[in-house]
Amino acid sequence: MPRTPLVVGNWKMNLNHLEALNAVQKLAFALPKDYYERVDVGLTVPFTDLRSVQTLIEGDRLPITFGAQDVSRHEEGAHTGEIAASMLAKLNCTWVVVGHSERRRDHGEDDELVAAKARAALGAGLTPIVCVGEPAEVRDAGGHVDYVTEQLRGSLEGIDDTSRVVVAYEPVWAIGTGRAASGADAQEVAAAIREAAGELSGADAAEKLRILYGGSVTTDTVAGVVGQRDVDGALVGGASLDGQEFARLVAAAAS
């Protein structure tokens, strides 16, 4: 069964709850309904935007899914500043990003913590978007495939069915730099990710696994990446902040 493409806009630390409503409304208005039959559209938004986004999407019955950009490994308790997966589930979130390169870089998150967060998300009925990717020096040295597959194994520790997650390949050297991987670059690593997933949970689960590319994705570049055999969509940063621009990008991916 073919995998449905998935395009997720990751707003990062942008857009307050009023700006969020405007962005979602623009996206819904600008993207014709028939595109949703060809591609799944999601948004991962700041915690403070979640309730507003949920209310708009559910109230207007928009065919857009949404989620958060991080989650706690803990279920509840004395963990100041943490947000439990069960709390996100109560808001009807679909997605939660774990292991984004900015979390790994700025907060020292390692594969063990990323895997714990992914398991917590799954336990609450959420789908974790598990991010992996190599820094520039590893890419330049030719060690990117081994680096990413090792990171993947660590970040999926304890997860028996890889079809229950989404993996986002986001080369660190392409995040917010304007330097994007080519379609061939993305396909090389995505194929290795799928092979590694097969070793972890079997070929059937690996074939169902959706693999996204993230890293300076634009309307002009997305089709060339998503058109690769093992790349099933995109995790989009800056280009998702404007609803109309994101709609154009989604349309390009769907085509």
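Keep in mind that glycine also has a Cβ here, set from the backbone N, Cα and C atoms.
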Query: Same substrate site as N10, W11, K12, S216, G237, G238 according to TrEMBL: which of G59, G67, G176?
result: G176
Message: For the C-alpha pair, I'd like the distance in angstrom between S216 (substrate binding site) and H100 (active site, electrophile), rounded off.
response: 14
Query: Distance between E170 (active site, proton acceptor) and H100 (active site, electrophile) at the Cα atoms, whole Å?
result: 8
- line: One should report the C-alpha separation between G237 (substrate binding site) and H100 (active site, electrophile), rounded to whole angstrom, as 11
- request: Do me a favour and check the Cα-Cα span between W11 (substrate binding site) and H100 (active site, electrophile); whole Å is fine.
  value: 12
Message: I want to check the contact list for N10 (substrate binding site): same chain, sequence separation of six or more, C-beta distance under 8 angstroms. What comes out?
response: L43, T44, Q69, V97, H100, G214, L235, V236, G237, S240
- line: Per DSSP (three-state), G176 (substrate binding site) is coil
